[in-house]
Amino acid sequence: MAVLLFFFTIFLCVVTINEACWCTQAHPQSRFCSADFAIRAKVLNESWDNSSRIYTLKVFKAFKGGKKIERVAEMQSDTGKRRKNVVQVTTELDSAACGVRLQISKIYILLGYVENQHRRPYKGKKKLTIESCQWHSLWNDTTAQQRRGLKRIYGKYCLCNIDKYCFKERPELCKDLIQGCHLQGSDDRMKNCRAKHSYCVKGRKKCRWIAPQKADLKKCMSA
C-alpha cells in the first residue's frame, strides 16, 4: 500500500509539472534578442478560436520585426486591405499553457514570435504569438532605461551572453556569444534591478554591465 501511495504521489507531481507553465528568469535584453518582434501596442478587443485567445492590437511602435508584422497583417486580411497598424496576436487560452491575459484599452510592451518561422510548426498562414514566458508588461510599468533599451540598446548588443543557457534557432550561434554579464548566482533582487536599470554592452574584450542612472539602480537594490 505504501509503495502504491508513493508512485501515485510521484505521478501527481509529474502531472502538475507538465500542466504548469514553467519559465526561466531572463533579462529583458535577452528576451528582446530571442524574440521575432517587439511592439508597443494598445489592446482593441479580444476573441477566441478553439484553444487560442486572439487580441486585436493597434501598434504604435515596432522596436523589432516591423516588416514581419506588416507581412503577417496582410495575410490576416482576406481582402488584402487592412486597418493601418492593426494586427492580431494569438496566445494560449489557458494560463497553464503559458497563455497571456491582457486588458482591453491598455497599452503594453509585447514581445513574441512568428509561427511557422521557428519554434513550433504551423501549417497555413503565419501568425504572431505571445506567451507568458516572453516579456509582456504594461507600458506605464516599464522604466526609462527599459524604454531606452528597446529603442536603441538591446538589439545592438545581442552578441552579449547574459543567461546561463543559450537558446538559439541555430545552436552553432551560441559559440559566438561574448561573455561577461552572467547573472547566475545573483539573488532575485539583483536580477530584478538589473532588468529594470541596466544593459549588457560590449567592451573592448568582453561584455559588461552599465547602469546609466546609477542612483536608480542603487535605490532599487536598497528598497
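Cβ atoms here come from the backbone N, Cα and C positions, even for glycine.
The record in TrEMBL pairs CYS23 in a disulfide bond with CYS133, which is drawn from CYS98, CYS133, CYS158.
Between CYS158 and the candidates CYS21, CYS33, CYS220, TrEMBL records a disulfide bond only with CYS33. Note: TrEMBL links CYS98 through a disulfide bond to CYS21 (candidates: CYS21, CYS166, CYS174). As annotated in TrEMBL, CYS181 shares a disulfide bond with CYS200, one of the listed residues CYS13, CYS200, CYS220. Disulfide annotation in TrEMBL: CYS160 is bonded to CYS207, selected among CYS193, CYS207, CYS220. Taking the Cα of CYS160 (disulfide bond) as the reference point, the closest of the recorded positions CYS21, CYS23, CYS98 is CYS23. Listed recorded positions near CYS207 (disulfide bond): CYS181 (candidates CYS21, CYS23, CYS33, CYS98, CYS181; Cα-Cα distance within 10 Å). Cα of CYS98 (disulfide bond) to Cα of CYS200 (disulfide bond): a span of 27 Å.
The Cα of CYS158 (disulfide bond) lies closest to that of CYS200, out of the recorded positions CYS21, CYS23, CYS133, CYS181, CYS200.
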